[in-house]
Each structure stands twice: as structure tokens, then as C-alpha cells.
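The block underneath contains the structure these notes are about, expressed in C-alpha cells.
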Amino acid sequence: MTATKQHKKVILVGDGAVGSSYAFALVNQGIAQELGIIEIPQLFEKAVGDALDLSHALAFTSPKKIYAAKYEDCADADLVVITAGAPQKPGETRLDLVGKNLAINKSIVTQVIESGFNGIFLVAANPVDILTYATWKFSGFPAEKVIGSGTSLDTARFRQALAEKLDVDARSVHAYIMGEHGDSEFAVWSHANVAGVNLENYLQDVQNFNGEELIDLFEGVRDAAYTIINKKGATFYGIAVALARITKAILDDENAILPLSVFQDGQYGFNEVFIGQPAIVGAHGIVRPVNIPLNDAEKQKMQASAKELKAIIDEAFSKEEFAAAARN
């Protein structure tokens, strides 16, 4: 960890449900000293209104400069957070959003780079693993300075679901979801533990709990977004707090280990793809990935997830408007 400057600046691109919830989380938690909110021209006044509304909470939290921003404001930002994109509708998978959101992502990243920005990108728009890869390609940045929210929310859901079943605090449950933030994600059961006790051993002392319940629990975690979208139209609170946690780790140079969408350089037998795994993150971005030794079944799931993402990337970047970036 290194000494960090006192004034931390975040630019948020996208003031929809996720973006505005993230901004609210930053204000509530006293994260960053400056927050600029960028929206498309026809929604600029909404960003102005949200900035004003959020500023009225500052007397209860901590000082912060909050305003509706423009892309030139990215020049001296420490972090640009991208939540903008077409929302996932009922019946859609995250991967269905690829075509719509790649073009949006290219426009955003191009304008951020033109400002002279040299900080860190944090991507949350879906499909997040694909769009993190796209941000890396469109920006030309080193891979360690481009981070996706990855399986951070999935992991939080997993820990909370286990905690509820076991009647313990979720913060005492240590377990990860890895792979795609989506349908091919998987639970790393082999290393799940409660306060250091292997989950399998811990369950021996828990009555009326069987293996089938674990399968149902994981499926509930994997499909949680669909459940929420069908009931209320979108998910935003959980991912907003996950983004706030990642933001704090970066701005405070914590060297925290978080499950993120990070660049693969042979860690699990594949390259040139961003996918969810634990990684050390601090002021300069990804310090290094943390490679959990997966069992054979988990390795197969990780490789299948990566293969699916790679196929989608190759198809998407074969299109003329994105092909030049793919060759860089």
C-alpha cells in the first residue's frame, strides 16, 4: 500500500437506478470528496436534480462536492464508474444485452479517454465481463486499471443465503462465486467455510440440513437477479453497495481481496478474457489475482464459463464497428 492523496474524485457515468443508488451509497458512507455525475444530454437535468438532492444529505454525513458533470471533468478523476447501459428486461439474460451495450460502452470510453483521464475504470453495466473487456480494448489501458464488478454481488448473495440457512452473521461466512456474472457462474464449495471451519464439516453440527438444500440455495443465488427483475423491474441496491465497497478499496488503497471481473493471463488455462475471481485491489487497480486452487469439477465450470464469454467476445468484436479495437 502507498500514501494516497487526500482529495479523491469519482466520476459516475449513468444516473439510472444503479448509478443513483451508487451515488447515494457514496454519500451515506462518506466515500470520496468529489462526485461528478454524467448523463446523456436529454437527461442532464436529472443529473442536476440528483446532485442537488444528494447534496442535501451532506450535513448528516461528510463534506463532498457533488455536481452534474461533463466528460471533460474526467481528466483528473481517480475513478470512472460506468453503470450506463440498456437495462435487463424480464426474460432477458445479461448476455442478450451485448449488442445494445457495446455501442454505448464504446461511446462512453472514447469520450472519457479524450478528456485525458488516466485513472481506473470500474465497470458495472451488463454483461459486465464482456463490457469490462470492451472497456479495456476501447481505452487501451493496462488490464490492471480496468476492473469489472464481476461476481462481487453474486458472492454477497451467496454468503447471505448461507448465513440465513445457518443462522449466523454473513460476515462470518467465507465463500465465493466465480466465473461469469451470469448463468454460467458457479459456487466454490471446496473452499467455503464458516469462521475458518470447512463448510462440509460445519454442516455436520447443523440439524435438518442436507446436500439438496445447498443445490437449491446456489440456484437461488444464481437466479436472484431474474427473481428481483420479475418482481420490481430491476436490481440496484445490492450492486450499488458492492460498487461502493470496491470504490473504497481503490480510493483508500486497501489491498482488499474482492471477487471482481479481472483479466486472465493463463491463471486457469485461458487468456484474453475478463472473468470473476478474487483479486487484490488498491489505488493502482488490480495488484494481482488470487488463484483459488479449484477442484476438478470447479475447474471445468470455470473453463466452460470462460469459453462461453470468449465465444461471445469473438463474435461481437468481429463486427466492423468493433473490429479495430479487437486488433489492438
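Positions of Cβ are set from backbone N, Cα and C atoms, glycine also.
Residues or ranges marked as NAD(+) binding site in Swiss-Prot: V18, E39, K46, Y71, G85, A86, S107, A124, A125, N126, S149. What Swiss-Prot records for Q88, R94, N126, P127, V128, D129, D154, T155, A156, R157, T235 is substrate binding site, and it gives sequence analysis as the kind of evidence. If you look up Swiss-Prot, you'll see R159, H174 marked as beta-D-fructose 1,6-bisphosphate binding site, on the strength of sequence analysis. Among the features that Swiss-Prot reports, active site, proton acceptor is placed at H181. Feature annotation from Swiss-Prot assigns phosphotyrosine to Y226; the stated evidence is sequence analysis.
Note: the Cα of T235 (substrate binding site) and the Cα of S107 (NAD(+) binding site) are spaced 24 Å from each other. Near the residue listed as 'phosphotyrosine', with the C-alpha within 10 Å of its C-alpha, lie none of the binding-site residues K46, G85, A125, D154, R159, H174. Of all Cα pairs drawn from V18, E39, K46, Y71, G85, A86, S107, A124, A125, N126, S149, which the record names as binding NAD(+), the longest spans 25 Å. Using a 10 Å Cα-Cα cut-off from S149 (NAD(+) binding site), the binding-site residues that qualify among Q88, V128, A156 are V128. In terms of Cα spacing, the recorded positions D154, R159, H174, H181 all stay beyond 10 Å of G85 (NAD(+) binding site).
The two recorded residues Q88 (substrate binding site) and A125 (NAD(+) binding site) have their Cα atoms spaced 10 Å from each other. Here the CA atom of S107 (NAD(+) binding site) lies 16 Å from the CA atom of V128 (substrate binding site).
Within 10 Å of its Cβ, the residue among the recorded positions G85, V128, R159, H181, Y226 with the fewest other Cβ atoms is Y226.
If you take the Cα of D154 (substrate binding site) and the Cα of K46 (NAD(+) binding site), they are about 30 angstrom apart, rounded to a whole number. Each residue contributes its Cα atom, and for N126 (substrate binding site) and H181 (active site, proton acceptor) these two points are 9 Å apart.
Sequence-distant contacts of K46 (NAD(+) binding site), defined by Cβ-Cβ distance under 8 angstroms and a gap of at least six in the same chain, are D15, E39.
When secondary structure is read from DSSP and collapsed to three states, A156 (substrate binding site) falls in the helix class.
Counting other C-beta atoms within 10 Å of each candidate's C-beta, the binding-site residues V18, A125, A156 are led by A125. Each residue contributes its Cα atom, and for V18 (NAD(+) binding site) and H174 (beta-D-fructose 1,6-bisphosphate binding site) these two points are 26 Å apart.
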